[in-house]
Each structure stands twice: as structure tokens, then as C-alpha cells.
Amino acid sequence: MLLLSVATVLVVLTSSTAVQAQGLEAGVGYADITGPAGEVPMMGYAEASQKTAGIHMRLFARAFAFRDAEGRSAAFVNVDAGMISPMMKLKVIEILKSKLGSTYTEANVLLSATHTHSGPGGYHGYTLYAISTLGYFADTFNTLANGIARSIELAHASLRPTKLQFNSGQLANSGVNRSPTSYLLNPESERARYEHNTDRDMTVVKLVDANSGKPFGMLNWFAVHPTSMNNTNLLISGDNKGWAAQAFERFMDYQAGTNTLPGGQRFVASFANANEGDVSPNTDGPRCMDTGEPCDIATSTCGGKAKHCVASGPGKDMLDSTRIIGLKQFGRAMLAVDSVSYSHQYVDMSNQQLTVNGRRVRTCPPAMGFSFAAGTTDGPGGFDFTQGDTSGNPFWNLVRGILSKPNQEQINCHSPKPILLNTGYMTFPTDWQPKVIETQLLKIGPLVIVALPGEFTTMSGRRVREAVQKALADNGMTGAKVVLSGVSNLYSSYVTTFEEYQAQRYEAASTIFGPHTLSAYVQQFGKLAAALATNTAVQSEIHPPNNLGSIKGWSFVSPIVYDSVGINRNFGDVVQQPASSYSAGQTVSAKFRTGHPRNNMMLGGTFLLVQKKTENGGWVDICNDACVETRFSWVRTNGVLGRSEAHIEWDIPACAQPGIYRLKHFGWYKPVLIWESPKSFSGTTNEFTVKNSSLRRFLRRTGYTIDVINGKIGGGCLL
């Protein structure tokens, strides 16, 4: 059960429209993709010490399938992951082909990552993105590929006549531009057209069953990094995007009277990203951790060092900030066509020829600049790198030369970026970064989704959106609603404007195809939009490599040898019992002897349950490890002896019913006799009492803020 008056979110969005989609069918699907919860490097911050050690909330693939009256199909999947890799999408299509034939292909399937930085890594085939996750890890890759494919299968199986309802509006105080000095380099006339230096628009599409009139799915797009959980976090989490999705789904199921636990819901809600490249959720901004003073605004350093400059807020800690930013997106989404088509093409982005301001220019083979190694204020890097570096460093130039020394043509092409990693010429054990990029537009009724193959800054995204809108209108498709779907289909780092590129902050140093990258994308997406509007096929003359075969042998995640608990002890034993009594707003905690969570990822299951005693003495499940109000932490207590503990916490919501409760832990252990297969176990705490509590008093005490509609609190409640 989550906690917040349902009445607080029932505010009408601007520009609300409903479309009777003649002949349009839609379906939704949902699959667990949580992956290994122990000792696997996370994908996002490139922080070697950040390895999974439990679950804050489970990760899911949320799929939406569409089919028009002509039988044309398409699928959009919002994936709780840091990014999408080409070899992952190819594997998904391979699985779908074996199940559904040629219905779904690379061209009509769009995979969009939320970009959470708190998920397990090991699924990328390009070396640069695999280094920090210790290479390839089959458990992560297979969990993602199989789960994404499964979600599309389920969505396809649930196709039904559908009406689409569109809403849009602005969401304030949910993100700040983390490179404001770069944004100011864009032309003043262009900046004057926008009120803010981040995109605050949220686009919402609700799917309604045309026969019953009941809603069954929702998609929305809003630009903000899911980095409320910082690089010290070790718990798998969907971050603020995952929080918002879970809140929306549980609320809609509650409204429908189903009230299922996360993972079993019937309503599917997608909180997808957009042009979030320079948008941080840490709205209190960056400060020097050692002095409390503001960081140097141009270089994001404190005393010349990047590691002390860290952004935070708006909450008291990262869990609270995740809740607040997730709650804002949830609340805005709550306030809230008749054809399916697509345009798709692979292009070699490392050698695009184009004309800019009357001058012939080109893109470059991939390379990363010095400021890339400085990180961002959401997660600073190490060593002595700083943002805004346009000159380089003799020592690191020497190190660079050992890996791959750029020639003068490459240096000139990327200027003013000083090249740190000449990735376009680094091929061992695989290409370090992609050259062949997947570009795609997906049309569902009047909605046109632009699949951004990386992290586009605010102004970069605006230019792409305007180019697509203009190309559609110029070719007879007026009235289309263009939305940007960030981090889609593959990951090619960042894309800044030409002007932002000159400052060489983190985002610009990570713009891998040089200063004219954005212009090339504007040209390409305009071409696809014209083809979409005129129903013209676009052919791909080049295709990306499938690096799965090459990267499989490069896996450095330590295997599980065995688990043990000691003599006269059992797996599942409770080593710390909860207290006998609690009130709403308090946290229940318990500790169990456990095995390694990688023995069984519990996909579709759970490592924990919160249960309430019924009047007849039975037990009903209240929450599992996917709930945002629970936490499962895995703690290795002795690596040599293979001993570990499971720490389970439950934040009691204000609307929890008074009564008798207990916690249960489930797991698997690997016997000391290493030829034996892992075995299951469970453990149960003593019973404890939850006492009644006033919702209003709880909200005041914990600092939750709500707006009361009509002077009263609504019936249902969400956290």
C-alpha cells in the first residue's frame, strides 16, 4: 500500500484531447528484468565500487503494442535500465521472431531506457560501456533480453480496440540544468523563445479500452535524469522514474478494485525519458561537500577538484529525493489516430556530410574528451579531470598515446575537444563505441515518437523536435504531436548543440561524433520525418555489428563458490527481530542469515514479504520487494566463509491498517559441496503490532506535503 491522498493528483492538464482511434488496437505487457542483486557492477556512474547489494525496487520492462486496421504493428517498450545496447535489441528481435514470426522487427520496435543508474550492468557490447561493469555478464543480459521480449509478447496477446487520450502540461521544480553556462552559449534569439533552460513539458497518452471505457495503460515523456539515487547507492532501483511508474500503476489498480502487488498489476504505466542530457533531478544544486560553499560554476570543481562537487536534494537523503521527484512526475501524469507507421534507418554517424551555414562540414569517428573523465555534479569522476577542459594534459596525452594516438585530422575534426580516448580507432576486444547508429520514428495515430539514440541536451532535443515537426508539416502531415524518447535503441553517449560543444563540459566532451553531431541528427530525423509523412520507404545500406559473440568471453564478475551459516545454524534464521510494536511513519527492520542473491534472481518472485494476519488466523500479503516502501539489502559478513545477511526494512505507510504483521525472507543458498545445485529456504520474524495513526498528523511529522481537494482527504492513498 502506498501513501498519499488520491485527491491531490486529480488536477486537469492543459491541452487535454481524446481521439477515437478508428481500427486501432493496443495492448500492454509487463515483465520483471531486475537481474542479479549481489556483487555485480551497476551501469550508469562508472563507479567501480558501486556493486549491487540488494533491492530498493524491482526493475521492469513495460511494453505497449499497437496494430492498425491494415494489420501494421509496432511496439514501444520502456525499460528500467541505464541504456539499450544494439546486441540486446537484436536478441530481443530474435526471440520475438521465434514466437511471433515477422510481426516485430528492428524497424517497428522501439526500446527506450529510463536511464536509471541503479541497475546491474554487463549487457553492452561496446568496450567503453563495458569496462566499468567488468565486461559481459550473462545473467544480466539474458534477464533483460528475455524480459523485454516477454513484455512485448504479453502486450501483443492483449491487443484490443483502443481509444487514445492525450494530455500535456508543465512540471516545475523537478529538474535543474547541470550545465547552465553551456546553455547560455546558445544564440540569445533561440533562448528567448523558451522560458526555462530545461524542458518542463510532460506529454501523457492514456490507453482506454474502446468497448468497456476503462483505461489500461499510460505512456508519458518527461526530461530528467534518474539520478536521485547517487553513486553510493548499492540497491537496485528504478530511481524517480520507477517510483512514479509504480505509484501510477498501484493507484490505477486500486481505482479498478484489483489492488495487486507490484509485478502483478493489470494497468501498465510508462515514465519514459526525453532530452535529459543536461537535466539533473538534484534540485538543491551542486555544493562543495567539504566546505558547503557553491562549486565553481564553469568547471564544477571545489579547489580545482571535481570529486567534492556534488548535487543533491530536494529530499533529506537520496531515498527521499527519489520519492519527491517520482511523486511530482506521478502527480503531473495523473492530471492529465487511427494509424500505425514508422520510419527507420541505420546510418554511419562517423562520416556524415552536411552543409551548415553555407559551409560543408562532416562528423568525425568517435572520441571522448578530457572533461568526460570529470563526471558530472550528479556523480563526479576521479583523478584531476575537470569540466570545461579545452587544452588537455601532457601526462594523460601520454597515457592516451599508449591506447590510440589520434592523428591530426581527428584532432582537427573534434576541435576544440582535447581527445582523451580515441575510441573510433580502438577495437579490442570490440569497438569501443558505435559508429553505425539506429535512427527511428514511430507513429501511433497523431503521436510521432522520435527515438533519440543517446542523451540529448535540452536545446539539442528542442532543435530535433522542431525539425521533425517542420518536415512533417512541409510534407502534408499537419497536427502531429511530436515527442522525444531519450536513450532509445542504443547508447551513443551525449549530443550537445554546436554552441554548447565549445565549452567542453561533460556533455560536450561526451558528444562522440564531433561539433556537428547535432546538425547531422537534425538532418537525419528530418529525412525520416519526410519519409514518414509521404509513406516512403527508407533503406539501410549499413548495419551495426552484433558484438555478443566477441564480448561473451570478457566477463570478470566473480563466481559464487558456496554459502554457509555455521554449525547449528540455518539459512533463514532471524538474527535481529523487529520490535513488538510500531506506528505509521516508523520503519520495521529485521536481519536474516541468507545466501547469495545471485543463486536465484527471483524473477517474478520476491526476496521478502510483508504480511498481515487475518481474523481467521491466516496471512495476507501486503508488500513485496518491488514496493517502494520496502528495502532488501544483502550484506556479505565473511567472504572467506561465504556468510551473509539479508537486512529487510519496511516503511509503514500512514494508511496501513492496524493489526498484527510479520516479515518473511526468501532465498537460495549454494551448498558447500560445490557439485550440488542451489537450494531454497525461507525465514519468518516474530509477529509485531502496527497501531493506528492519524494521516494528517503523520504527514505533518514526516514533512510530506499534500494539497487537500474540497477540504478533505480522498479515500485511497499513495506514498
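In case you wondered, yes, glycine gets a Cβ from its N, Cα and C as well.
The feature active site, nucleophile is assigned by TrEMBL to Ser280. Long-range neighbours of Ser280 (active site, nucleophile) (same chain, six or more residues apart, CB within less than 8 Å of its CB): Gly175, Val176, Asn177, Arg178, Val224, His225, Thr227, Ala311, Thr376, Thr377, Asp378.
Look at TrEMBL and you will find His115, His225, Glu455, Tyr494 tagged as Zn(2+) binding site. Counting every protein chain shown, 29 other Cβ atoms lie within 10 Å of the Cβ of His225 (Zn(2+) binding site).
Annotation comment: TrEMBL describes 26-523 as domain 'Neutral/alkaline non-lysosomal ceramidase N-terminal'.
What TrEMBL lists as domain 'Neutral/alkaline non-lysosomal ceramidase C-terminal' is 525-690.
Per TrEMBL, the feature signal peptide maps to 1-21.
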Counting across all protein chains, other CB atoms within 10 angstroms of the CB of His115 (Zn(2+) binding site) number 28
Listed in sequence order, residues not in His115, His225, Glu455, Tyr494 with Cβ within 8 Å of the centre of the Zn(2+) site Cβ atoms
Asn273, Glu276, Gly277, Gly454, Gly486, Val487
Across every protein chain in view, the count of C-beta atoms other than its own within 10 A of the C-beta of Glu455 (Zn(2+) binding site) is 28
Protein Cβ atoms within 10 Å of Tyr494 (Zn(2+) binding site), excluding its own:
25
